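To keep things clear, I will list the structure first and then write my remarks on it.
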């Protein structure tokens, strides 16, 4: 009996603009394809062997004659291209309305309330790149002790503070207060703690980021699996994205390699259910920073670890490699891109060389996991279990 699914989110590894990408300002975006074009190819032999290059319409990765796994790609139904929207849809939620964004900064009354409740003035209150705003306001923050508030094209309120000026505990408390305030009409998908270290002109963000999300708007496959007595293990920022809902055990990570190490540790344990891992570096370190060289290197570093991941699996495990949105590092701006996500599925019980085509929703992943674990579904998406299992 199959009783465990390992789900790897390669954060932002999109594989081509969705049909509605123009509405999101993302015509021509192709995270994987454009990195390959700009950087003279990407060497991903292990993902290639599993079927990555055999996905319909993929650019930059050559197909192999007999891929070992099943493969396909998926459209996004929900109205958005952010982390929360993507992960929630993967887990079985369709969002008709996009989360609210604040491209011109947050309302004055909101900022005033945050300042009153945290007992500090704040800096910033505008849309900005996280690294640029540290260069601009980091020195003033060091001098005044005022946290830096900023946003992006996503539905986020981000709060940056130097770890020697505002302790991590206090920064997390400040973010918790902001989360309570940013509800109702002003609800953003996430409040993000952005701690940093260093000196003026040489600031750098630390891995101690923490996200404070909204509760999912309905039951996810995680909630259902937990209720049915399965383990739901969250590696990386998964716990934050779901606000802890439907999770039985969670561990945070410092980078992709740490995420892979911790996932392998969990695979080798006697658990059953879902191991749900987010590898965030592709997005946070290279996508937003428009660094195709770094992105390529990070993809190749993951690929080198694939044999080790697969060797740790049990005979009845199913592993799915996918993404949550795009973030084309060759594209204009510094924000996510509305793209297809890849689906590469492997296991001893998975039929080799199986093309599952273009899926109509990321929620097909949730439906398939429900089917594999034989638990009730979220009633979103269509299972591809019968297409892939021997």
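Placement of Cβ uses the backbone N, Cα and C atoms for every residue, glycine included.
Together with 324, 325, Swiss-Prot lists one candidate of 11, 20 for binding Mn(2+) 1, that being 11. Of the residues proposed, 252, 336, the one Swiss-Prot records at the same Mn(2+) 2 site as 283, 288 is 336. For residue 283 (Mn(2+) 2 binding site), the same-chain residues that are 6 or more apart in sequence and have a Cβ closer than 8 Å to its Cβ are 11, 12, 83, 327, 336. The CA atom of residue 288 (Mn(2+) 2 binding site) is located 15 Å away from the CA atom of residue 324 (Mn(2+) 1 binding site). Among the listed binding-site residues, namely 11, 324, the Cβ with the most fellow Cβ atoms inside 10 Å is that of 324.
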